[in-house]
Each structure stands twice: as C-alpha cells, then as structure tokens.
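The region 'Disordered' annotation in TrEMBL covers 1-23. Marked as GTP binding site by TrEMBL: 14-21, 39-41, 56-59, 67, 89. Annotated active site, GMP-histidine intermediate per TrEMBL: 55, in sequence order.
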C-alpha cells in the first residue's frame, strides 16, 4: 500500500528549471486521492501562456485545476479534504502577484499558514530559491527577493518535509516524523 501522507505538508524548493514541479507532481500522483492543482501563474504574455499549457499537458485527467493568483488560502481551504492531494505551483509567482498587485503580503501569508496548519489532505507546495544570486540592482527586485525569502522561510518552518531540487536531483533537507 502506498503511504499517502494525509495531512503532510511538503515544500519543494530550488532554482529555475531544477525539476521542482516535476518532482512535486510525481509525489502528488503517488499519493493519489482527489488531486487538485492550484495554479498561481497568470498568463500575461505568450511565453507564460505556453509554459502554462505545457504544465497543464503534463497532468492527466485525474487532476482538477484551480487558479488562485492571489487568494491562495481560500483555494487550499476549498480543495482540502481528508482524501485530497493539493499541489500548489508556485509560491514565487504568488509572491510576485501579491507584490505587483499591492496586496497585504503579511496578511495573505498568515492566512496561508493558518490554512496549512488545519489542512487534512496532503499538500505539496513549489517555490523558487531566489536568494542565492546577486543582490538585485533595483528596489522592486530587492523587495521581491525579500518577500519570496520570507514566504519560503515561513512555509518551510511549518512544513513536515522540505526538499531541495538541484539539477533534477531531490535532496531532503527537513524531515518530520508525521506519517
């Protein structure tokens, strides 16, 4: 029998094109159940529309897709159930949406933290590690990097498991005995 990890929260973090989404999707599909993909991306240009289409094509008919560019807590809560497997892709785009939309980042983050704390289903969240590069040369980029870092730290602190992806290789950097 497959261990579904009901109630388990996993954060998958890594750089761009590191295999984060593929790995998280694989974990989600192994968990099974009612599979819900929560997309935070918005298709503002052709490249992003193509990227979204590729990701959608990678998921089979078992997946139900919910778009939540800003109200992530509400989307997670609505999808949550004991047999749910929720895959959030990604926290970094969510951070960008909050920043550029001039939303209250702290309030939205608190709501997500509270929702995750009470989630009964399996939740996998994908995020980019943006803090390993050079210090950005403009205030907006520095603010984004700081917000993304704060979100990553907050979610990692509450996650049962944190997986770092580098060049398609998964390394568990935090593991809690919850299963």
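The backbone N, Cα and C atoms fix where each Cβ goes, and this holds for glycine too.
Mapped onto this structure are the features recorded in TrEMBL.
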| residue | record | Cβ contacts under 8 Å, 6 or more apart |
| --- | --- | --- |
| 14 | GTP binding site | 20, 128, 129, 164, 165, 166 |
| 17 | GTP binding site | none |
| 40 | GTP binding site | 68, 69, 72, 88, 89, 90, 91, 93, 94, 97 |
| 55 | active site, GMP-histidine intermediate | 21, 39, 89 |
| 57 | GTP binding site | none |
| 67 | GTP binding site | 38, 39 |
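The secondary structure of residue 20 (GTP binding site), as reduced to three states from DSSP, is helical. All protein chains included, residue 20 (GTP binding site) registers 27 other Cβ atoms within 10 Å of its own Cβ.
Secondary structure at residue 40 (GTP binding site), as computed by DSSP, is coil.
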